[in-house]
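Residues annotated as active site, charge relay system in TrEMBL: Asp563, His600, Ser765. The domain 'Peptidase S8/S53' annotation in TrEMBL covers 555-779.
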Amino acid sequence: KSENMECLVRRLVEDYPNLLVHQNNDGYNPIHMAVRDFTHQLAEYMISACIGSKTPSAKKSLDRAFLQTAQGDRTCLHAAFLGKLNLRTARMLLENANDNALAAQDDNKNTPMHYAASFKQCTAAGAEIMALFIARDLDATRQKTSSETTFLDLANAEGHTGRLDVKSEQVNLAIEAPRNANKPNITADRSAKRRICKEILLKLKLHYMRTRSSEMVLSFLYGANMNDVQISFDYDRLPAKVVWNEFVKQFGQDNESGLKFDRVLQYVTFPRVEVTVKGRLTDLESEAEDRQQEYLGRKDMVYFFNWLYKKGVRHIIRVSVNDSGDLGEKVHTDRSIQQCLERFVVESLYWQKTDLDPETILRVSARSLEKVVPTNEDPNHVELVPDRQLRELWLRWSGSNAVLRAWSEPEGLPMLPRLEKVHLLTPAASKMYDDSQWIKKKFEKFGVRLNKNFRDARDKRLQLGEEDAFGATGEVKVSLKAVDVDGDSKLTARGVSNFTSSTPVKGINSHRWLGSTSRFAGNMKHFWDARLEQWSNSPNKPMRPESNVEGDVEDDVVVALIDDGIDRLDNTLSGQVLEGKSFDYHDGQVRPPFSSARGHGTVMASMILRVCPMAKIYPIRLRTYDTDGGKSQIDRKYAAQAIKAALAKKATIISMSWTLPKSSPENETEDEPVRQKVLMFCSSPDEGKFTELDYPSGPWRDHFFRIGAARADGTVFEWTPDDGISFVLPGVDVVKEQAGRTSSETQSLGVTSRVADFKYETGSSVATALAAGLAAMIIYCVKASIMAIRIAYPNSESVIGIAITNDHLARISKHDAMKQAFSTLGKVTPNRFIQVWEKLDAISGVLEAARSREPTEEEQRKLTQSFVNFGSMLLN
């Protein structure tokens, strides 16, 4: 009988707890066998007997049994989630397993969580089990230090952490895949599973975003993040004044263009930003609005939050907006703040407007989530009300007791059912009207009144049949802190450039190398655009050459720039910057690749595009810091990952305007570009000679382009070593012009150009960027030659004397061929300086002559002949 069996098992466990760790020949202990064979009641008897036992050895034996492994290095917890799920047994296992048991990995590196998170476990019982896993992890995160991990952070053999095994990541992305009308309907059971699966994933994702750093969240959700999905938006060091049309142009208008976002963002941060909208339609709309209502408040943030909504964002963990108005500046109206936040689920809010209206706070998420609740008048009837999710509030308080009372009244903050913390931030005591004792007294009364009304509101909701948000009687924690208003503003508003000129402006630098390449770049851009248009409209376009080279000749040449980010709103970059990736992690957050920490990356991008305006720049941002000598340096910790990211993106060229010392000659990721035969450019060290300890080129000096800097006359800059350099390019007092724009034109756009902040830049980093741009230009010349031949001779597979095919395009993208192409552009002096004007000036003259008038058919043929000859020379 079952009751006799229960008594027997309990007595055996009580008297002989060591029996639980006795394993058979296959390695199974009694609990593991019971779980494996689905005799769940037997497993429950053994576990509950240990829990109820008064002897310490019983609990120790249970812990050991949970850790013992059998076939496949699996424990009894693995077995519980591999087969048919028994909720009661699984709950008992989870509640009594220690952290080590939850973190145990089998021979595939899977933890019990990995199996619990599989698609087949997406049932109602599976959802309850996942909630238990999350609760256990929450307890673990509260006890660990920031550097420690839990079972949820462990990756399996495929590199996946405890994320759900979902075939489609559409539950993550803010881009919804179109439905296939021809696809048959899936069964109701599978449809229900997928719905539960999405609910579980959302809960797991929200928990991870609340408790982990941005670096860990990105890895957890997207692994290598090949699609460059953003999990946050930080208006970091971007212009304080922006033209909205330009912003949308650079970042995309909706979820089908520009930046790609997850539906849930970990944080959104804005300094003080002023938006200008241009265009006839928008001007008319603005005038109509002004006629309807005269007001002095701002509405700049409405543009940004509407943009995030169009991008598919629906849930934001933390929102921070600098709207203090401390210096007499305008602040946002209550109406505009409500318009910003009412369509998003927001969990933590720090809108830095002093004495924020409680009604405005209650409008947060008002139109995002709704729930059905009984009405006050008649419990038998229901109504839809906002499902407010605010958990934490940061409120700037002037010291007014009237405001405290408004916040704590029953119709105020107590209406937020999930509220956990309220932080009141006051000006310094010297700027308060009342003394500190009075402030402290009113604050204490505020806390008491808030919690009393919060409890009353919760009890009322329970009486009406609503579910308690927490299922507990916790209080709202309140805190009071005086903040330095000026310091707080500086911390948040990071839109001010911090550049200094490397040398004073002395006039135009007449460097012949720069003049020749700039002249050729302008002519080549026109020639390329014309050939590209002809190629796109050519009926012979599908007739590809015999090579198996990936991609077509019209594909972009992508230069991965590993630096401190690129200011994407810099108008001199003319929309050539791609989304990018960032490894600039700090304080649990990540700084975006679309802004530059110190402006260095923006300048490097402008140098690349100066030589090759057709190139696409893929920014990879690393953290920068100052060395003891006062020089700027990048963090080598993530440099290897940055190179991996560039290779994964299949960049044609990698430009890293840094050389980093390392302590040992161990081979890291720097050999990846060598094995994958990617063109890699790096700077010479500013002090000393190249050694095998220089990262990233190390011992592969014949496979990397090591670039040094030269003066205007071609002599080597004194910082540059004369040993180990591939080529020397201009790097001293290089002019950064405004790409044809005057300063007044730049200001009229309302965009602060990082390149405009200073006129000259010195060092081998500039020379490296110019070299990467030159390599990109050479590849475009070969591409244009292939196009020109195919357009001029559509019916010929080869043209005697001037044949260039995709095989040549593949070859020019390799190190040795590119090095030879550099040398063919002009005489290479003994110090490795290339006199490029010897060849570029001549072909520039040919292209300029063709642009001056509409060429005849014969002149067009000669132009093609001349340019293809130039391309052939590069391939010689």
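Placed from the backbone N, Cα and C atoms, the Cβ positions cover glycine too.
Automatic prediction, not curation, is the source of TrEMBL annotations.
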His600 (active site, charge relay system) to Asp563 (active site, charge relay system) - Cα separation in whole Å: 7
Three-class DSSP secondary structure - Asp563 (active site, charge relay system): strand
Model confidence over the domain 'Peptidase S8/S53' (555-779) (mean pLDDT, whole number): 76
Length of the line joining the Cα atoms of Ser765 (active site, charge relay system) and Asp563 (active site, charge relay system), in Å: 10
Per-residue Cβ crowding (10 Å cut-off), top of active-site residues Asp563, His600: Asp563
Structural state of Ser765 (active site, charge relay system), classified by DSSP into three states: helix
All-chain count of other Cβ atoms within 10 Å of Ser765 (active site, charge relay system): 27
